[in-house]
Amino acid sequence: MGTAFDDTSRSRQPHRVAIPPAKPFLQTLKSNLKETLFPDDPFRELKKQPSASRKLLLGLQYFIPILEWAPRYTFAFFRADLVAGITIASLAVPQGISYAQLASLPPIVGLYSSFVPPLVYAMLGSSRDVAVGTVAVASLLISTMLGKEVSPVENPKLYFQLAVTATFFAGVFEASLGFLRLGFIVDFLSHATIVGFMSGAATVVCLQQLKGILGLVHFTHETDIVSVMRSIFTQTHQWRWESGILGCCFLFFLLTTRYFSKRKSYFFWINAMAPLTSVVLGSVLVYFTHAEKHGVQVIGNLKKGLNPLSITDLAFGSPHLEGVAVGRSFAQYKNYHIDGNKEMIAFGTMNIVGSLTSCYLTSGPFSRTAVNYNAGCKTAVSNIVMAVAVMFTLLFLTPLFHYTPLVVLSSIIMAAMLGLIDYEAAFHLWKVDKYDFAVCLGAYVGVVFGSVETGLVIAVAISLVRMLLFLARPKTGLLGNIPNSMIYRSMDQYPNAESVPGVMILQIDAPVYFANANYLRERISRWIDEEEDKLKSRGGSSLQFVILDMTSIGNIDTSGISMLEEVKKNTDRKELKLVLANPRSEVIKKLDKSQFIKTIGQEWIYLTVAEAVAACNYMLHTCNPKHVTTAEANGQDSNV
């Protein structure tokens, strides 16, 4: 191997590592802010426009997308959107009523929330497929967090005021994140965390529905599994068998329709129509059998009419500003499937307007969006069609829901939530990444055995801890030469990779910051000690050079530079030579400004690992590296 490297070193001139020219601080700051807040460069089209009027039009189209696609809208699109809108309306009506019950709000509020918000999103939203409406997990958050402050039974007016206030703050917080281009904050929730949290929340919602399935009147306000099970089994004498049989039958019907829709995609409409069919059948059954007189609870009267204004209901001066916390926490979790700051602005504005028109938290539920997509929607007009259908229901059809049994609503919620318990994703996490599975399990257990709030806190905390661990404990590893090549790769990944006699090549796989500088200093020292002990035990050549492959170090701060200086002192004490390979632009710039390049010597910085190894081999075969002077190193550099 030595001969090969000698030949290479004599025939090829090593490339010097360039130090990029210095840029003014303000220019660098502007560039960094642009990359952080505008990675997609959303206004690049405006720069190409010659006139101010054209720029204004494009700007309005960016913030109000309906202005962009409406002029191109065709009758063929309308036919597709009409079918999709009616289809999702058939799902929105029963789900709206059901989820309002889950949020401990009047059922009519669920219908209100399926009327105004979709109209707002149709104007401001950029997705063609998202179907707007109430969400089960958000409804549960409203119920559990606000229910601790105010009883929805004893003080329904104040409870409603806090619900719309929570919606207002959720909208303000989310729209602010969008306008300030801070949507990347939601990325701190990893996929594993979301799977665990959503599955746990779905489990809790299903357990809560046992109250309706069993026909119980009194039920615990806690959401953990222990409290729910205790509440259920201490009231066995109050279970209503009529309600239980009815609930199990409708749950079986809903799950069966979902099963067939998954088996054959063209049966999606069966699953989409199943909730409304259940409501109609349940209402007819109760009406003709007078089941409400035999323990089957019904919705009762729903007042006709469109959304009343609720501006005066916003409780900014209330001592129960739990709504702020609800808004912030919900805005963080609900956007795991929303792409971009523009969508955050649309959803935030939607919730702000909704809070002023008697609506509570709305989003883009996955199940309804999937139905909208499968129904063949072309644009956001499907949301407008759905809103018109809900408006028609509010104006004329609300009396028909008088006999709708609550057990049917519980069945609808339970069927929807069972689909959110993603055990397949959990198995996949276990198979691919055990740590991710532990994160998922932690979030799930926190929700099921604690509370939704506890689970949400645990989910966010686990995500942040894992991110900090990745930063504070970066991977390091030895590199070896792939036989018959000039390629150097991890010796763990490539067992056939060969170490270079007298040279240790160490790779650091992360930026070097204050959070990991001390760890890296200690870890590099340990690598050196272990390598020296290994060479002594084998009786081979002693260690002479330590090459740091800096390819993966995208940036470094002053703590990181201090760490390199200490590593340099450590290698000097051991009479070893420290060599750097491929420092990136930001790294070499800071090393130059800190005078570290002068400390280590320009001649010990190489563009590639291969060139660094070739130089080390040259030194090993021409002179004693422990006594190499700068002149000798420069001479070697000029002869390479």
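Placement of Cβ uses the backbone N, Cα and C atoms for every residue, glycine included.
Since this is a predicted model, take the numbers as computed values, not measurements.
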Among 105-124, 605-624, TrEMBL marks as transmembrane the stretch 105-124
Under 8 Å, at least 3 Cβ pairs, sequence separation 6 or more: does that hold for the transmembrane segment (404-421) versus the transmembrane segment (105-124)? no
Answer with yes or no whether the transmembrane segment (441-465) touches the transmembrane segment (73-93) by the criterion of at least three Cβ pairs under 8 A, sequence separation 6 or more. no
The transmembrane segment (441-465): which same-chain residues, six or more beyond its ends, come within Cβ distance under 8 Å? 137, 140-141, 144-145, 188-190, 192-197, 199-201, 203-204, 222-226, 329, 332-333, 426
Is the transmembrane segment (379-397) in contact with the transmembrane segment (159-182), using at least 3 Cβ pairs under 8 Å (sequence separation of 6 or more) as the test? no
Tally Cβ pairs under 8 Å between the transmembrane segment (130-147) and each listed stretch (105-124, 266-288, 344-367), then give the stretch with the top tally. 344-367
Which of 266-288, 344-367, 379-397 has the most Cβ pairs closer than 8 Å to the transmembrane segment (105-124)? 344-367
